[in-house]
Each structure stands twice: as C-alpha cells, then as structure tokens.
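Annotated transmembrane segment per TrEMBL: 44-63, 75-94, 100-120, 141-159, 179-197, 209-231, 237-257, in sequence order.
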Amino acid sequence: MFNFILLGILQGLTEFLPISSSGHLILARYFFNLTTPYPLAVDAILQLGTIVAVYIYFAPELWQLLKDFVHRKRTLAWAILLGTVPALIVGVLAEEYIDRYLRSPVIVAWVLIIGALLFIGTEKYFARGKQEVGKISVKQGLWVGIAQCLAFIPGFSRSGATIMASMTQGFSRETAARFSFYLSIPIITISGIKKLADIMKDGLPQGVGLELTVGTLLSFVVGLLSIHFLLTYLKKHSLNVFAVYRIAIGVIVLLLITNQ
C-alpha cells in the first residue's frame, strides 16, 4: 500500500509542476525500490486521477470554450486541437523507442539539468510577455504543440516545455501555464485511453484494487492542489525555483549513480 500511496502523491505533484512526472517516477522506482506489479499499467491508472483533476479544475473554462466553438469563436479551440497533432504523431512513431531506451535514471538526470538551463534562458529573454490566452493564434498553438513533444523525453516535463514555448510567443507566465493546462487535456486524455485499452487487453493488475484506488484518489487530490499552486505562484514568481530544483536533483542523481 505504501508504494501506491507514494506513487499517487508523486504523480499528482509532478504531473503539472514543470519538473517531470515520468522522470520522477523513474527515479523513485530506481532509488527507493518502489516496485509494483505492471509498473507501466499502474502509472497509466494513476494518471487517470490527474486527468480528472484537469477536467474539474478547468470545467468553467472548458464549458465556455465549447460554447465559443458552437458560436463560431473557434480560434482558441483550433489552437488547442492543432497543437495536439505533433504530440500524437511523435507518440505513435516513437513511443516504443522511448520506453525501451530513454527510461534511464542517467538520461532523466541530464534532461532535468538541460531543461533547467532552458528555463533560466527563457526567464532572461522572454519574461515580460502580456498576451492573453484568449488571443492566441492557431500558429502559436502549433508552435507550443511542437514544443510539447519534448515531454516524451523522461525528465523534460510537458508543462515546462509548453510554458517556455508560450512565453517565447509573448505570454505572461500565468497565461502560459493556463494554456499549457488547456493543451494538456487532449493529449493526456488520449494517452490515458490508449494505455487503459492496452491494460484491458492484457488484463488489470490482480490483487491491488484497493491500493490502485487509493493511489488514484491521491493523484487526483494532489493534482488539483498542484494546478492551483502553479497558477497562483506564477502570477508573481519566475520559473527559476523549478530550475534550481531540477539542477539539484539532476546533480544528486548523477553523483549517486557514479558512486555506486
């Protein structure tokens, strides 16, 4: 039970903060021996909690987006949909390669550090944007969607990649984070459905129903809190604190592995 509780909290905390949920799950399993049956299946089920958290937190905005689409105010919706296409293509073409070759603690550590340096550069050169999310163009949505593909590399962070890309297009940090969450909805929903379909084909992990339920509920609650925290935090603060954290974790991981 303890392993599922910890993984659920970790999933909810890191899915939305720009520190990489996939990277942290890989590191947690490697260093703390957080073994579970069918680890990829368990990760997919725990991700359901964070998917529901996004839908609930942004329910009013999603409803307004749907109404705007019906009334032909469709630019933001098309920006989100078109921004999803690059990740779908990369996911189909590269998922097997990524799962086989990139789920390594050493790769995660280096990618955490590289991402942190990109955060610092983005803050230095693109921190003064003021564009509102409702004024995003389809072209900007596609650019952010291309950046979202970096999230397939464990350790990079989907939210980190899309927030940085949005800031380069003139968005404030908070607005960039909000669009990042909007853009996450199609891709994590499609990803979750695909993984669940794969699980149902192979069979659900047996004997861990209660543990999975508790872990998924925790990922949902912590996910809600993480979304609210990030949007509030970025109103007045930069990405640099996340950059420092990523560098620290990356360096510690490399030192630990080197000294093993």
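Backbone N, Cα and C atoms are what each Cβ position is placed from, and that goes for glycine too.
Please treat TrEMBL annotations as automatic predictions, because they have not gone through curation.
Counting only same-chain residues 6+ beyond the ends of the transmembrane segment (237-257), those with a CB under 8 A from a CB of the stretch are 17-19, 27, 31, 105-106, 108-113, 115-117, 119-120, 122-123, 127, 155, 160, 163-164, 173. The highest tally of CB pairs under 8 A with the transmembrane segment (75-94), across 44-63, 100-120, 141-159, 209-231, is held by 141-159. At the 8 Å Cβ cutoff, the transmembrane segment (179-197) and the transmembrane segment (100-120) share fewer than 3 close pairs (sequence separation 6 or more) and do not count as touching. Among the stretches 100-120, 141-159, 209-231, the one making the largest number of Cβ pairs under 8 Å with the transmembrane segment (44-63) is 209-231. Long-range contacts of the transmembrane segment (141-159) within the same chain, counting only residues at least 6 positions beyond its ends with a Cβ under 8 Å from a Cβ of the stretch, are 15-23, 26, 76, 78-80, 82-87, 90-91, 94-95, 98, 102-104, 107-112, 114-115, 165-166, 168-169, 177, 179-181, 183-184, 187, 230, 250.
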